[in-house]
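Scroll down for the structure; my scribbles are underneath it.
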Amino acid sequence: MAPAAAASRVAVSAPVFGSDGGARSSGIKGNNNVVSFGNKSWVGGTLAWESSSVRPRHANKVLCISVQQASKSKVSVAPLDLESAKEPPLNTYKPKEPYTATIVSVERLVGPKAPGETCHIVIDHGGNVPYWEGQSYGVIPPGENPKKPGAPQNVRLYSIASTRYGDYFDGRTGSLCVRRAVYYDRETGKEEPSKNGVCSNFLCNSKPGDKIQLTGPSGKIMLLPEEDPNATHVMIATGTGVAPFRGYLRRMFMEDVPNYRFGGLAWLFLGVANSDSLLYDEEFTSYLKQYPDNFRYDKALSREQKNRSGGKMYVQDKIEEYSDEIFKLLDGGAHIYFCGLKGMMPGIQDTLKKVAEQRGESWDQKLAQLKKNKQWHVEVY
């Protein structure tokens, strides 16, 4: 049975918002640190470009949403005292004394042609484990630690994929984006369940009403800087690394937060295998339609798109494609974030270094300056 707190919630199989057809063209020009979009320009303030229509992907992907969320207007949130803390909550619950939360829903996020399964998991914490956007929860799966007989399993960290108000805007839930880890024998090609990921399979197999042991929240490196509501945020994700960015974007564009009125630019790069592997695509394409002056969304589909050299299109290829604009935005004070598998970073770093050298700059010096200015945010696993 689902918890009482979820009684007024609904799960639907539908797009989060309506869908329109059409392709997008950016038409971008730039000089020095000014990037122009049509007859509008960016110089470290609000960036705007020509309005564009979008083509959403999976029109019938299953997402767990509230009735309110289907509205195109911003959604009111509560309790607003979640805005009053000066510092983010940290390690409210520790591994020796975790919080027992309840699974609200588990929804498959990807289409039938996606390699592997990724799930959106909503967890009811009753308002007792508050967090900020960009933080992580720890999950302790059931069972005994195979390396320490008699001891519980180790904590697994997952980036939180919702704002502090949760998917139901009431401050009582947190959501995770989890890819099921499955191991296949290289010689036989058969699955070996004994080697599958313990925690990811536990989470993806969970049912509404199941209990879950939570720790945290933890992490400060990926917190969304809100001092300047007109700042630029360039977000680069592979796969489930999109989780914290979903939280950022819901706070910017979906929720009516009185003390945070976003007026800058949010630019998301998402790298996945194919169209069926896109995560939260309906939400992101809806922001394109509603906030064309403040949101940009570029996808790298490695099994469907080709890069300039004719090879597979990875997220670093998209970064190279728009490198001139990205560097100008960074020079203007933009924040840049990376989240996903650690294997994403070498290719991205190589691309950024190559672009810097083409511009006559030292990448090592530029990176050091970005870190000093707190513009550089990385969380890989």
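Every residue gets a Cβ built from N, Cα and C, even glycine.
TrEMBL does not curate its annotations; it predicts them automatically.
Here's what TrEMBL has on this protein:
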| type | residues | note |
| --- | --- | --- |
| DOMAIN | 96-224 | domain 'FAD-binding FR-type' |
| BINDING | SER159, ARG179, THR240, SER302, ARG303, LYS312, GLY340, LEU341, GLU379 | NADP(+) binding site |
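Sequence features, as recorded in TrEMBL, placed on the structure.
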| residue | record | Cβ within 10 Å |
| --- | --- | --- |
| SER159 | NADP(+) binding site | 25 |
| THR240 | NADP(+) binding site | 23 |
| ARG303 | NADP(+) binding site | 14 |
| GLY340 | NADP(+) binding site | 24 |
| GLU379 | NADP(+) binding site | 19 |
Extent of the NADP(+) binding site in Å [max Cα distance among SER159, ARG179, THR240, SER302, ARG303, LYS312, GLY340, LEU341, GLU379]: 27
Averaged pLDDT score, the domain 'FAD-binding FR-type' (96-224): 94
